[in-house]
Amino acid sequence: MEGKTVIVSLLLLSIVVGQIQVEAKSCCPSTTARNIYNTCRFGGGSRTLCAKLSGCKIVSGTTCPKLSIPEVTGEAVNEYCKLGCSFSVCRAITTLQNTDAGEVLNEAAEKCNNACSTLCTKNSIETA
């Protein structure tokens with residue numbers, strides 16, 4: 001009987017915690033900003049980081065305030081580029097690195113991330 005009580009208690013606790021987490025809402029000024037935010041979150045970025053990169057705001061409650069469209073700076077674009085590149089290109093190396101990696105994989109992961117950084121920075125310099 002005690003086992004059932006513990007299970008029911010844990011189930012109720014998880015429902016309450018889930019409700020608390022759902023109450024915060026991300027409000028984005030455009031569909032593009034929403035797509036950037038969602039991609040960032042899917043890639044493992046925190047709510048705060050993804051909101052900063054995309055120009056979205058995290059608000060409590062269920063209603064978004066009227067947002068002015070923020071000016072997206074080159075720095076935010078560069079950070080998003082680096083995050084997306086690292087996630088999509090370097091993911092397999094990083095996954096292997098986290099299992100039973102040797103020094104070769106550590107170096108490969110670092111070089112991959114550096115290449116993403118260089119690529120994104122080079123692109124922004126050329127277009128500026």
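Every residue, even glycine, has its Cβ placed from backbone N, Cα and C.
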Recorded disulfide counterpart of CYS27 (Swiss-Prot; options CYS64, CYS81, CYS85): CYS64
As recorded in Swiss-Prot, which of CYS28, CYS40 forms the disulphide with CYS50: CYS40
Bond partner of CYS56 - disulfide, per Swiss-Prot - picked from CYS28, CYS81: CYS28
Most Cβ neighbours inside 10 Å, all chains, among the disulfide-bonded residues CYS27, CYS28, CYS40: CYS40
Fewest other C-beta atoms within 10 angstroms, as judged across CYS50, CYS56, CYS64, which are the disulfide-bonded residues: CYS64
Where CYS40 (disulfide bond) sits in the secondary structure, as DSSP reduces it to three classes: helix
Cα proximity to CYS28 (disulfide bond), best match among disulfide-bonded residues CYS40, CYS50, CYS64: CYS64
